[in-house]
């Protein structure tokens with residue numbers, strides 16, 4: 001490397017500590033990635049194809065499933081190829097592109113989760129006004145803002161990384177271009193950048209978490225006042241899957257990124273990032289659909305329809 005202050009490429013250590021055994025990780029990780037991809041594709045396809053799911057709740061769910069696919073695609077295929085590659089090299093530009101899309105899409109997914117919480121809040125706490133408050137124009141604006149804001153906010157963030165001096169080598173102890181490992185390679189003063197990162201985390205992660213928390217506080221108090229046990233159970237069942245997603249997503253992300261400073265335990269961060277990149281997207285389609293009676297009914301209906309078409313063709 002002729003000039004490590006502006007490296008032309010980075011070396012991603014990934015799981016090099018496993019030595020030759022890292023090849024054994026390829027099969028399980030590939031299976032989880034493919035199943036997660038297919039599960040979320042099925043959700044998106046059903047939301048588009050079936051009129052029973054043309055509601056704000058499933059509109060936001062479709063957005064979330066699309067984000068799950070896109071977020072995992074920014075890091076997991078690269079990780080899988082590196083498990084088999086002797087030289088795990090990524091160009092400087094590709095690293096910054098991966099950084100930009102990973103954090104932009106990840107931030108968008110949390111804003112969409114808060115949109116889903118708002119939708120459930122209005123549906124349960126203000127059912128008579130639901131059609132007015134959550135009309136399609138409002139839903140599209142909420143989703144549009146959730147997509148646009150992080151992508152705009154991340155532009156100065158990624159440009160700042162492009163102008164840092166990387167004089168502490170070019171080896172990233174991670175399987176993708178994560179924030180903390182990048183900053184650890186820099187010998188520039190990154191205190192202002194770290195503060196900016198912390199503000200973004202507050203804006204996109206903690207603020208959406210607060211919206212979700214307040215929404216569900218009102219939902220729980222409203223549901224507990226429903227006189228019938230069956231009514232309470234139905235209301236809680238529609239929110240249970242969303243609450244599970246909220247717990248898994250926010251707990252790991254707050255631990256990873258809502259902390260000022262760059263001196264984080266990289267190996268711990270790598271393990272948690274692996275869970276959120278591979279395992280969580282695999283589980284989410286099951287979490288979203290197993291307790292959702294409407295979705296299961298639509299899935300059964302579409303399956304029967306496909307079987308009927310298959311028989312008619314043969």
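Heads up, the Cβ atoms here are built off N, Cα and C, so glycines get one too.
The stretch that TrEMBL tags with transmembrane segment, taken from the ranges 220-239, 240-259, is 240-259.
Cross-referencing 60-79, 160-179 with TrEMBL places the feature transmembrane segment at 60-79. Looking at the stretches 271-290, 291-310, the one that TrEMBL records under the feature transmembrane segment is 271-290. Among the recorded stretches 99-118, 198-219, 240-259, 271-290, the one sharing the largest number of Cβ pairs closer than 8 Å with the transmembrane segment (23-48) is 271-290. When Cβ-Cβ distances below 8 Å are used as the criterion, the transmembrane segment (198-219) is approached by residues 107, 110-111, 113-114, 117-118, 120-121, 124-125, 149-150, 153-154, 157, 235, 239, 243, 246, 250, 253-254, 257-260 of the same chain, each at least six residues removed from its ends.
Along the domain 'G-protein coupled receptors family 1 profile' (39-288), the predicted structure has mean pLDDT 88.
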